[in-house]
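Everything on this sheet refers to the single structure shown next.
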Protein chains: 2
Amino acid sequence: MNDTTRKGLLPAGLADGLPPQAKGEAILVERLVAAFDANGYDRVKPPLIEFEDSLLDGPGVALAPQMFRVMDPVSQRMMGLRADITPQVARIATTRLARAARPLRLSYAGQVLRVRGSQLRPERQFAQAGVELIGAEGIPADAEVVLLAVEALQGVEVARLSVDLTLPTLVPAVCRGLGLDAEASARARDALDRKDAGALVGFENGAGEVFRALLAAGGPAAEAIARLERLSLPDEAAAMRSELAELVATLAAAVPDVLLTVDPTEYRGFEYQTGVSFTLFARGVRGELGRGGRYHLSSGEPAIGFTLYLDSLARAVPAAAVPERIYLPYGTGFAAARELRRQGWRTRAGLVPEQEPKAEAERHGCSHILQGGAPTPL
Amino acid sequence: MNDTTRKGLLPAGLADGLPPQAKGEAILVERLVAAFDANGYDRVKPPLIEFEDSLLDGPGVALAPQMFRVMDPVSQRMMGLRADITPQVARIATTRLARAARPLRLSYAGQVLRVRGSQLRPERQFAQAGVELIGAEGIPADAEVVLLAVEALQGVEVARLSVDLTLPTLVPAVCRGLGLDAEASARARDALDRKDAGALVGFENGAGEVFRALLAAGGPAAEAIARLERLSLPDEAAAMRSELAELVATLAAAVPDVLLTVDPTEYRGFEYQTGVSFTLFARGVRGELGRGGRYHLSSGEPAIGFTLYLDSLARAVPAAAVPERIYLPYGTGFAAARELRRQGWRTRAGLVPEQEPKAEAERHGCSHILQGGAPTPL
């Protein structure tokens, strides 16, 4: 291994985006943000680095072990490199934009960094794009956000999209309604997280039967809702079920081509959610494309949003067509070249006199060459 | 100051991009990169963070004191947050793309971070966008890169553009040609950097006279070239002057609307340049828009490129027009809303039944409202 090779090595989990993938990702991000914009979501751009305290506010604390930290020589305070953009958008909504009209619709796109990759996502840097709808709650707000995710993903030609809905508040409501104590509730949570029906026994007030039925209810949304509606649930949990059923009906009517599934006991990764939550997949593509749900800002305001992960998404979209490019032999004037670009041509200019212009054009991967003032296919 | 306010404070030199500026910057970047792409420059996307050694290779070392550093827990090696993207593009060209056809045309856009702001640029995070043309040298290559900067900047409607050309290799060539020793050369460099004609005395072989004439030669390009051509210069320096004259003639013919100036002794900030270099300004706008020039990669390959600074550039472009937005009263169906967006409308939906839909539309800054199925101006 020579010195140049060694210097070319990047830290694990960090990578160079090369042509054409780097362009593909940038175009993907801009098309997503354009879909957010068309739906009334205004873009914000928080900094890559800010005071650690701000980044660890509220749900952000879950990523504390994943955050790189540096000392700020100016303030002598610790700063963190963001591992997630959502807490920054929440900060902007509760401070700089505290007085902006509600509901407040914000979008963002940018890079995040993490100290270690995970088994599912070895990357330590990846791009996120998403929205937050702040100061609104209820089914129309939930539906707007889920449908926006669908519209944005279908807009970048993600095929076989599926939305997996979950209700992380349902099991706690059942526990409260059936009078389970903290120990029994924790035991139920643990068994449900492991999807271990066999461990869901020995609970008071028929709770074990309800938990097993919830666990078995998951699947395609229409059937799952029907199974849930046959259950006898305490009032608070029953109200949540009604909301979920209403949301499913709204979504199914709006986007009948999208597979909707319901997993009523899914909880991991949704610990901070306060209502309906969802995960986005493209069937047949590794990794989730994004996730979202309802939560509360530190100010107490209700919010709902989602985040898309560009690394997974890049695997779910069709490869961009190789664009046509025209070779301009040495000596082609600037005005002629600019005019071709104005017409939409992508040019590549010869910088030294060519022996064989066509061979040079081919060496540069061009599809056309300028001959006698006219684009000519190679 | 309450807790929320305190948490909203960002470290000095770091800022939130808010609507509509955040969108404006993103659109600006994409339009610049599209101009690079149309000229055959393929986008690369190096990571925000990589091993310190790689970032400090070659010209990158100039920014060493400005680089945040973090320990990589995986490799136990120091990593740096990039303070400049150019060294990363050079690394990609000499490693991953070492065997790609030359000349190699690469473009990039992204954020950089610096430990401290400067008086001229207090920001500690800003966006850069630029190109590198690798494995080509000579006037056609120089001209391509300068003209690309002009085309990209004029494409985003920068008015009153000026290109300030400099030749950082000229004074060293004069010193060599007139046989000045290291001490005399350093003294000349120092006086020229301070533009102190009075200190340019006491040199051997008529060098003082040449230096004073070089210092006085700067100004609009046609006159500056005429003044330079009247000077008697040693052969190597005279050859550089001829190249500069040829480049100026090419640029003046191609973009007669751009102000070209020449400062033949400008050197600070161009210490690593190996030939013609340039700074881009919009007259009347604070700060340079970008800079570039010829240099050599660590592999010895010739290269020429430029970097644009998005913070200065944002001050030089006209504000984007406020886009029209339509309010969709509560209950508007998803299909109807999506169809409006397909037609190019930006929608904002009511999420609760309105008492007065028009008042709500106005509160949300909409220009239109959907009434009886048709967009109606407010």
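Each residue, glycine too, has its Cβ placed from N, Cα and C.
Automatic prediction, not curation, is the source of TrEMBL annotations.
Here TrEMBL flags B:Asp84, B:Ile85, B:Thr86, B:Arg114, B:Gln128, B:Glu132, B:Arg268 as L-histidine binding site. Look at TrEMBL and you will find B:355-365 tagged as compositional bias 'Basic and acidic residues'. If you look up TrEMBL, you'll see B:13-313 marked as domain 'Class II Histidinyl-tRNA synthetase (HisRS)-like catalytic core'. Positions annotated as region 'Disordered' by TrEMBL: B:354-378.
The structure, with features from TrEMBL marked on it.
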| residue | record | contacts (Cβ under 8 Å, 6+ apart) |
| --- | --- | --- |
| B:Asp84 | L-histidine binding site | B:Gly60, B:Leu63, B:Val112, B:Gln128, B:Thr307 |
| B:Ile85 | L-histidine binding site | B:Pro46, B:Tyr108, B:Gly110, B:Val112, B:Gln128, B:Gly130, B:Thr307 |
| B:Thr86 | L-histidine binding site | B:Pro59, B:Gly60, B:Gly130, B:Glu132, B:Gly305, B:Thr307 |
| B:Arg114 | L-histidine binding site | B:Gly13, B:Leu63, B:Gln66, B:Met67, B:Ala83, B:Arg124, B:Gln125 |
| B:Arg268 | L-histidine binding site | B:Asp193 |
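In the predicted model, residues of the domain 'Class II Histidinyl-tRNA synthetase (HisRS)-like catalytic core' (B:13-313) average a pLDDT of 94. In this structure, the binding-site residues B:Gln128, B:Glu132 were compared by how many other Cβ atoms lie within 10 Å of their Cβ, and the smallest count belongs to B:Gln128. According to DSSP, the secondary structure content of the compositional bias 'Basic and acidic residues' (B:355-365) in residues is 7 helix, 0 strand, 4 coil. Across the residues annotated as binding L-histidine (B:Asp84, B:Ile85, B:Thr86, B:Arg114, B:Gln128, B:Glu132, B:Arg268), the two Cα atoms farthest apart lie 22 Å from each other. Here the region 'Disordered' (B:354-378) is broken down by DSSP into helix, strand and coil counts: 7 helix, 8 strand, 10 coil. Reduced to three states, the DSSP call for B:Asp84 (L-histidine binding site) is coil. DSSP gives B:Arg268 (L-histidine binding site) a coil state; it is part of no helix or strand.
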